[in-house]
Amino acid sequence: MAQYKLGVEVVGAHDLMPKDGHGSASACVELQFDGQKFRTSVKERDLNPVWNEQFYFAISDPFNLPNMHLEASIYNNNKELHSRSFLGKVRIAGTSFVPLSDAVVMHYPLEKRGLFSRVKGELGLKVFLTNDPSIKASNPLPAMDPLSNQPPGNPNAVPLVHEHKSQARHTFHSIPKEVHHHNYHPQNNPLPPGTINDQAPPFVQYATDPMKAQPVPPRIVRMYSSASSQQPPEYALKETNPFLGGGQVVGGRVIRADKPASTYDLVEQMQYLFVRVVKAKDLPAMDVSGSLDPFVEVRVGNYRGKTRHFEKKQNPEWNEVFAFSRDRMQTSVLEVLVKDKDLVKDDFVGIVRFDLNDVPTRVPPDSPLAPEWYRLVDKKGDKAKGELMLAVWMGTQADEAFPDAWHSDAAAPADATVIGAHIRSKVYHAPRLWYVRVNIIEAQDIIMHDKTRFPDVYVKAQIGNQFMRTRTSQARPNPFWNEDLMFVAAEPFEDHLILSVEDRVGPNKDEILGRVIIPLASIERRADDRIIHGRWFNLEKAVAIDVDQMKREKFATRLHIRVCLDGGYHVLDESTHYSSDLRPTAKQLWKPSIGLLELGILGAEGLHPMKTREGKGTSDTYCVAKYGHKWVRTRTIIDSLGPKFNEQYTWEVYDPATVLTVGVFDNCQIGDKGKEGNGNNRDAKVGKVRIRLSTLETGRVYTHRYPLLVLHPSGVKKMGELHLAIRFSSTSLINMLYQYSRPLLPKMHYVRPLTVMQLDLLRHQAVQIVAARLGRMEPPLRREVVEYMSDVDAHLWSMRRSKANFFRLMSVFSGLFAVGRWFADVCAWRNPITTVLVHVLFLMLVCFPELILPTVFLYMFLIGIWNYRYRPRYPPHMNTKISHAEAVHPDELDEEFDTFPTSKSAELVRMRYDRLRSVAGRIQTVVGDIATQGERIQALLSWRDPRATAIFVLFCLVAAVALYATPLQVLVAISGIYVMRHPRFRHRLPSAPVNFFRRLPARTDSML
């Protein structure tokens, strides 16, 4: 296999700093990577040089690529003085290198080399990885005078050759690199030379705080101190002190055990008996015809696992693994039977028995246990014909065989025919999403059948199930639109962009004038806001010859468009309030990770029965966790209201202002209906938990039981508790604090912002695409699961949410209201001592105004220090009081759970519409009152009321003279003392300025 090389195309620079003394610069670019150095040619006296030169670096160690950096420095060469001056540099991390198919030209701002460097401008580079064997690495820069113009023969520059479109190219479909431990221990398996392990993360040492023992008794955690936010104790968060793989967790710290810590230190160690059935040989013929349909049945007490059967094969190979929970074993004997599949009754072939006390124990990273051949015996213990290759060992969920094994705790003892595809744990990677920007400019030479009427032409665009259209244009024959249409597309690109020019000839009757189909893979990509050049496309028109045949003919109509894949945006595929990833689509813009998030899903307790089986309530539960592009799904625990998962997963963190979402679901694909294989049963939601990473302390282990609260049409209901262990580790505190000064979204969201309606529509399309792609994987992550985890219905109207948001707003302003009430008490002299002290402080600040800002900031500092004692020590969770879910009216809940569009009766819809009108009427009155006050302010100088305006103008003249003659401090002091005057000097009637303002006219008289 060809070795990978790093290609760097130096395109050009822009707006460089002049350094030659004549207002210009003679620039060249020097590239350094992996001990190799290349240099471009020198562009004489050009502040905007263009090189278009390519260089290829040999990569000595592909495994260390994420830790490498490419450095490009620009120098000004002075041939007269034989010196060079620094113009700027660009440093690109190895984590940003992408395959050639994803590479685009990026314009990087130049950075300083030192504190006193003066640089400006940008450098355009295209950096990519390639394994094309026809491309050789460039020759290193020879030892020479660094001030010379060019190396001898210029061996480094590679001329640009534009390949023909039909030439085959290697396509890389990359996914974000995530570090995840999914029930197995990573092994250092060497790859063949010249290959790059795209899934291997960079080796990063995550620093955590020392975990010392701080005994804290278990207690119920109350997240909100205010009385308005308190909820019932059964809905509260509960802190736990479990014994995990690293030791006992007490107060967020781990008390180390005597035994060495396991890789899975956030879950409880679970012992399993593993049986690997590899193959059999020399099995006897059992049927009259001399054939054999063998399969293997593994028995441990009441638990039975079966392999698939082969038809007419005496040397079958299965290579299947069975895992039996040691806690549920009720016997000390393992039986492995070989049987012959039959229609009526399966025939016995042979058996192998093991004493569980003699089974060896394997602890990763030990190598896998080698399977052995065992002679089959009959029921009496005599030797039978045939041998079976097996491997039997004791292990934990850290064993690499655990994910793909058949689990005894994931299948009912009496039912061994459950399809394993729906119950195994899996890791999913959501597809990389792109925004597709289609700018419809104009069309030329529109040919119409009816030339006696003006055309009503528009362009309809389609990508998959997404449809958009421009406005209609009546220009003939060259209609003009210049409209932007935005779509969402996912890699690998399977759909095409279909543009059709249509004419509206009548109501609900459109005629297609022509269309063009553009493959998404051929569309240009960009990662910034550079201009995309327009292209003309010839339209094709479908002409019907008969019912069964269509004929295409080309004609002169053309369509002028600009189309590109915008990689500078972050494609929102979840609610903006609960985003788990904020990175742009283009991998070149990704920054290194700032930390590591580890999640241990321990189990659930007290689950509400979701179904009935054998006359008793039960549940088939699994968990789904989502963070970034990585989704994880635990195995399904069958027939248990207190399942124990004990699975640990890991994510790389790029921004602390993100949210981890963990949901619990009941698997409805298992059972009487699930066996039919129709797949129409929807998995029932049990509840979910959201955890914002910015609320977590680094290095601390959070072990809590989270209440699973779900809103039903009958009200809020607790469905159980989810036991989680979470740890957020940081690589660098400086990098994490720096993130707080960075924009929340990528640069393109601010340079070319999208409207709120566009973002909402695109988010809905993105969720549908992600749900469709994850639903096609095996096992599928069902659509209802993806939509529930992504909060797809968060934008729909809800009376309960509206009230909750109103009370949240009132809670935000409650502090201001409290200050207002306190100041009113000061003005009313309720406490004379407080009022006198406020007067003294006020006069001091008036006399020394330079103390105002220091006093305010010092006061806030003291408040923050005081509140540190009462800081939240636990992650927030669902709160029924804040959600206004306890006192909600049943009809409001019924309205919230109604479908869109509604499926209720006309009378009920009319009643709800009238209620909505009454609520909107109050809001309308408040908005009107605010507008009235603003119009009265405008009326002060508008002469709408000539007498009022004349009074105000004269007052302004007198005030100007008085303020000019009187010091400002005196006026402020007099005004403050007047406002805080004693009630004896107050009147119950409003003051003259208030009366004057209320008499000013507004535009309410002009309202119909």
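Here, residue 1 is simply the first one shown, and the rest follow in order.
Just so it is clear, glycine is given a Cβ too, placed from its N, Cα and C backbone atoms.
Please treat TrEMBL annotations as automatic predictions, because they have not gone through curation.
Features as listed in TrEMBL:
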type: DOMAIN; residues: 1-108; note: domain 'C2'
type: DOMAIN; residues: 254-374; note: domain 'C2'
type: DOMAIN; residues: 413-537; note: domain 'C2'
type: DOMAIN; residues: 578-706; note: domain 'C2'
type: TRANSMEM; residues: 806-824; note: transmembrane segment
type: TRANSMEM; residues: 836-866; note: transmembrane segment
type: TRANSMEM; residues: 950-979; note: transmembrane segment
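Between the domain 'C2' (413-537) and the stretches 1-108, 254-374, 578-706, it is 578-706 that has the most C-beta pairs under 8 angstroms. DSSP labels the residues of the domain 'C2' (578-706) in these numbers: 10 helix, 63 strand, 56 coil. DSSP states for the domain 'C2' (413-537), grouped as helix (H, G, I), strand (E, B) and coil, give 6 helix, 66 strand, 53 coil. Across the domain 'C2' (1-108), DSSP assigns 12 helix, 56 strand, 40 coil. In the predicted model, the domain 'C2' (578-706) shows an average pLDDT of 88.
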